[in-house]
Amino acid sequence: MEFQNTREFAQQLDAQDKLAKYREEFLFPHIKGKQVIYFTGNSLGLQPKQSKAYVDEVMEDWAKLAVEGHFYADRPWWDYHERFAEPLSKVVGALPTEVTVMNTLTVNLHLLMVTFYRPTDKKYKIICEEKAFPSDQYMIKSQVQFHGYNPDDTIIEIKRRPGEHNIRTEDVLDKIKQVGDELALVLIGGVNYYTGQVFDIKTITQAGQEAGAYVGWDLAHAAGNIHLELHDWNVDFAAWCSYKYMNSGPGNASGAFVHETHHNDMDLPRFAGWWGHNKERRFLMEPNFDPVRGADGWQVSNLPILSLAPYLASVCMFDEVGMPALIEKRDLITSYLEFVLQEIDKEVDSTFEIITPTNPEERACQLSVFLHGEGRALFDYLMENGVIVDWREPNVIRLAPVPFYCSYEDMYEFGQILKKGILAT
Ligand SMILES: *Cc1c(COP(=O)(O)O)cnc(C)c1O
């Protein structure tokens, strides 16, 4: 499609957009009385209008039923989390028994590493990406130390080549071969939080497993954003937070995936709790742990229903719209934003550079823009003028044109504000 950097053209794209009506289903902040252009759905998704009703329902059931709500609420609490299995499994390409919701992301990665990282002196190394999200770095390092190994010799980071912004799949595959029999685990972010690079999950998973390692993925920036087939790609385990693209609310519960092949393997260790116990027998208060045969078997505590409520509201919206429609719009709106940025860059004489891959296969909903010169002042200008973006040191602005609620006209309007900002700062 031939793009044009005009308001009329952007409005035309909005008029043809099948998802345009969903913009009305979300609550936008306002700055100086004007609805913002929201680019930080990769950090905290907007609030769906429906989520309040889901929370109110739990509050009312609690008021009216108190403890009886566990069994007699409209959506009983004791198995509330099971309502996620169907719709969430479609978001990540899994069987319903392979997904669960519980805890928060870093906690779930720790719990899953208890199962899938069991180093021996011959097989103990972990491959991860260079400059992973800090929580992942701390998590992996602390697990290695917990097992008594030295992180310097155990954690192998895949580096970017000099002068390049993104990691090459071939370099990941070469490193896997090189580490070979010593490799215990590959654990990478499916979409890099800083650059927006999408990793080839299928190919890397296969290569890691051929080397005899388990392969897990942190899908914080992938769930609700990219096409996933966790089951068919034979991923061992994965976890994601729900407050980014999945719009569930600040700090909300995490989703977790454990591949079916591991459900009946009772030799795999795990940290157990009563919510992972055989659900028919859970309230018999038996002494021996008999795990649910599925991802639910990794549950520990009974669930925070008040926080699952807005997550459920959001998951139902994903189910209604479906990932294919979201991905179709995501690709078009991201390309349009890229085009607008390139046009503005020409007009203001190359003040910035997009560091996200240009290949549509290797990117999703995010463009990371490296600003030459005084980036911070421009960032402040954007925020004051109704554009919510985020800032990452040393000089990067991340833009996520989330297909659920961003419009093409937002992209055009943003370009105009950006141009004025560059000229003014
Ligand atoms: C957002 C994000 C996290 C956040 O972890 P929490 O446990 O939810 O605080 C972790 N890892 C990655 C890659 C992220 O993008």
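Placed from the backbone N, Cα and C atoms, the Cβ positions cover glycine too.
Around Asp218 (pyridoxal 5'-phosphate binding site), the same-chain residues at least 6 positions away in sequence with a Cβ under 8 Å from its Cβ are Leu105, Leu109, Ala132, Phe133, Asp136, Leu187, Ile188, Gly189, Gly190, Ala238, Ala239, Trp240. Annotated pyridoxal 5'-phosphate binding site per TrEMBL: Leu105, Thr106, Phe133, Pro134, Ser135, Asp136, Asp218, His221, Tyr243, Trp274, Asn302, in sequence order.
Over the domain 'Aminotransferase class V' (165-246), the average per-residue pLDDT in this prediction is 98. As annotated by TrEMBL, domain 'Aminotransferase class V' applies to 165-246.
Sequence-distant neighbours of Lys244 (N6-(pyridoxal phosphate)lysine): residues of the same chain at least 6 apart with a C-beta under 8 Å from its C-beta are Gly41, Asn42, Ser43, Leu44, Gly45, Ala220, His221, Ala223, Gly224, Asn225. Taken from TrEMBL, the feature N6-(pyridoxal phosphate)lysine covers Lys244.
Checking the binding-site residues Ser135, Tyr243, Asn302 against ligand 1, the ones whose Cβ sits under 6 Å from it are Ser135. Comparing Cβ neighbour counts within 10 Å across the binding-site residues Phe133, Tyr243, the minimum falls on Phe133. Non-local neighbourhood of Ser135 (pyridoxal 5'-phosphate binding site): Leu105, Thr106, each in the same chain, at least six residues away, with C-beta under 8 Å from its C-beta.
Neighbour list (Asn302 (pyridoxal 5'-phosphate binding site), Cβ cut-off 8 Å, at least 6 residues apart, same chain): Trp77, Trp78, Trp274, Trp275.
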